[in-house]
Every structure is written in C-alpha cells, then in structure tokens.
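Sequence annotations record features per position, and here Swiss-Prot assigns disulfide bond to Cys2-Cys19, Cys9-Cys25, Cys16-Cys52, Cys18-Cys40, Cys27-Cys38, Cys59-Cys67.
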Amino acid sequence: SCIDFGGDCDGEKDDCQCCRSNGYCSCYNLFGYLKSGCKCEVGTSAEFRRICRRKAKQCYNSDPDKCVSVYKPKRR
C-alpha cells in the first residue's frame, strides 16, 4: 500500500517507494552516508521524473486505487 505524505519510508531501500500521489522518499544525510528522518514528500516534476519513473509505474500497477501515477494508458 502507499505511504501518506509525512509518513515514514525506508531510505535504505531506494529513493522512490510507493509514496501516495507520486511522492518520493526524502531523507537527511548524516555524515554523507547515514540516512535518517526519511519521510514521503511531494516531489517536483523534475525530481519525480529523475528518480521515480519506473517505481511509480510498479506502484500503480500493484495498487492502482491507492497510488496515483502519471502513467495512464495511452489510446492509439
């Protein structure tokens, strides 16, 4: 299921977990390598496209009712 904005996420997994509405996992870096205080935050379109593109598609496919994705099926 998706994590609400402000909810805890695991910074050791990756930067883009299933945060609601295309959010991303934002952490503080301590000493350059320890991640702490990781929370789901709203990302700008640039951040979202850079780190969350593939993950958002996976989240949307696994739980479309709870995740909003920019990837809607295109009609040809």
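Positions of Cβ are set from backbone N, Cα and C atoms, glycine also.
Using a 10 Å radius centred on the Cβ of Cys9 (disulfide bond) and all shown protein chains, the other Cβ atoms total 22. Of all the Cβ atoms in the protein chains shown, 19 others lie within 10 Å of the Cβ of Cys38 (disulfide bond).
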